[in-house]
Amino acid sequence: MFAVIPKTPLVSRTVHINKAALTETLKSFLNDKTNRRCYHEVVGDVLTPSQVMGIDHLRDPRLNKGLAFTLEERQALGIHGLQPARYKSQEEQLELCKISIENYQEPLNKYLYLSELHDRNEKLFFRLLSENIERLLPIVYTPTVGLACQRFGLIYRRPHGLFITINDKGHVADVLRNWPEPDVHAIVVTDGERILGLGDLGACGMGIPIGKLSLYTALARVKPHHCLPICLDVGTDNQALLEDPTYIGLRQRRARGAEYDEFLDEFMAAVVQRYGQDTLIQFEDFGNANAFRLLEKYRNKYCTFNDDIQGTAAVALAGLLASNRKTGKKLSDHKFMFFGAGGAALGIADLCVKAMEREGLSESEARNRIWMIDIDGLVTKDRTQLLGHQGFYAKDHAPEKDFLKLINEIKPSILIGASATGGAFTPEVLRSMASFNERPIVFALSNPTAKAECTAQQAYDHTEGRVIFCSGSPFPDVNYNGKVYHPGQGNNAYIFPGVALGVIVAGIHHIIEDYFIIAAQTVADNVREEDLEKGSLYPPLGFINECSLQISTLIIADAYKNGKATVYPKPADIRKFVESKLYSHYYEESLPKTWKWPDPPEIKTKSLTPKTKTTTS
């Protein structure tokens, strides 16, 4: 392929390059699979033992077992001598990982340690995460993932997903083909415009899809090679990032309007072209102006959902359903006040309406029980512009911006914060809620923690300890009047991994709202009395794996019942069927299996004699 250049004296000369010939040579080189190496040494589920030998077993995170390779494996694979003599089981490695991560004091350093572990030993990473979810979920997800996104330009090391830019418009399918995995079933995509409560982080928002898909595997055991994080880099309106020398994205203002919509249309079509109609596309942290609009545009054309709208709604509804056991009321008995009227608040309101309809209210009756406040005050019908579904909850009421005045006038029994306005639930607001409710329900759902509308301690202190509290970010235990409460976190991780698992396993093409009600009810049903007594409206985080299995099983059962599943025949035992599709984070034998053949029967064979050559005269 390469010409041999004879040795010549070092002199100045002009070299003429035949660009056409060079291009053909490069194409030939790239098409010759023996001359290039994939991102991973293996793809998919199947490893052909003869394909990977030697040090590649240590370099590939899917194959690497660290010091858990046995002596026989080390010798047979050609890695003997590349490691110290000690053998360590996966259990021993897990204990060392726990010690190592606790040696770091700063959450971001713990995040970096886990990221590095993921890069070198995939099975160990996912086992560590899934078996220690209560300790590690705040590291790989909220609140630490927000800090990781803010510093993504500094901590970026190697590709964990695809960056597709607006400049690639017209070639999105070509970029997708560069991902080495041919069998992607789930994509989490963001354009980085509204990362948590941190605002426009542009390409640095990639930390969110990476973190979400890690939880797909850790909490629902979706196979990691079935998952693809994607950041759609359409620019950023964050001036500080545009001027930041460490920023890794396009240094240009956000594309909007027709150009943006055409780019999104091309992306959705390219995903289906590359991976199929049943590829799950989860939208994450899109701006309010686009989130609802894109969900409505694509939900009946593609297999898609928006976790900020629908996942948040389901986990909030789960908490509200569990709270019924404390108040003795139905959902339809309550009056709701939302502080914040963006995508998350509207998603919760819409799902609560559907739940109240199931209890017997009409749609209009259910919507009338929901009031909303945003930056401009109470959402009223005389506004000239209403975002998304805000019009469904607009009231015939005079404009009013005084939050406390509205609380005292409307007297809600449920107060839900989804505003990213830290401290919005003041002591006066909380005391008012307690003055006309025996058990006031207060959900401070904004995250990260600094954006929460109030802390758990404040909620208990200013309601005489009678509050039923839930937050979007984790809070420490609360001590009130000598009793210790463990406030539960309304974490979307209770919902989206299980929904995704069910959709993927059954080959569902469109995700309906009923699936999120199923998920919410399942989570609520798993809340024990002892959890409620401790002040939590959710099961322990360590129980999410079981919740995910139950959610997926019930969604698949519903999909078969209503003709939404495309995987046939229908399994006799859906739970066992789901379990057969799960990822295993335990080490497996690295050597090919060997087996014996039976001894052949005794058969006497004829002697082998050469034939005599005959001649003719």
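Placed from the backbone N, Cα and C atoms, the Cβ positions cover glycine too.
Database features (TrEMBL):
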ACT_SITE  Y141  active site, proton donor
ACT_SITE  K212  active site, proton acceptor
BINDING   R194, N447, N491  (S)-malate binding site
BINDING   E284, D285, D308  divalent metal cation binding site
COMPBIAS  606-617  compositional bias 'Low complexity'
DOMAIN    118-299  domain 'Malic enzyme N-terminal'
DOMAIN    309-560  domain 'Malic enzyme NAD-binding'
REGION    598-617  region 'Disordered'
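Counting Cβ atoms from all protein chains shown, the residue listed as 'active site, proton donor' has 24 others lying within 10 Å of its own Cβ. Computed over the domain 'Malic enzyme N-terminal' (118-299), the whole-number mean pLDDT of the model equals 95. Around N447 ((S)-malate binding site), taking its Cβ as the centre, 25 other Cβ atoms fall within 10 Å, counting all chains. The subset of recorded positions (Y141, K212, E284, D285) lying with their Cα within 10 Å of the Cα of R194 ((S)-malate binding site) consists of E284, D285, given in sequence order. D285 (divalent metal cation binding site) sits 11 Å from the residue listed as 'active site, proton acceptor', taking the C-alpha atoms as the reference points. Within the same chain, residues at least 6 positions away in sequence whose Cβ sits under 8 Å from that of N491 ((S)-malate binding site) are L137, Y141, T142, V315, G472, Y538, L541. Taking Cβ-Cβ distances under 8 Å and a sequence separation of 6 or more, the neighbours of the residue listed as 'active site, proton acceptor' in its chain are Y141, V188, P229, Q282, E284, D307, F496. Same-chain residues that are not part of E284, D285, D308 yet have a Cβ within 8 Å of the Cβ center of the divalent metal cation site turn out to be T190, R194, I195, I208, F283, F286, A291, N306, D307. If you draw a 10 Å sphere around the CB of E284 (divalent metal cation binding site), it holds 26 other CB atoms from the protein chains shown.
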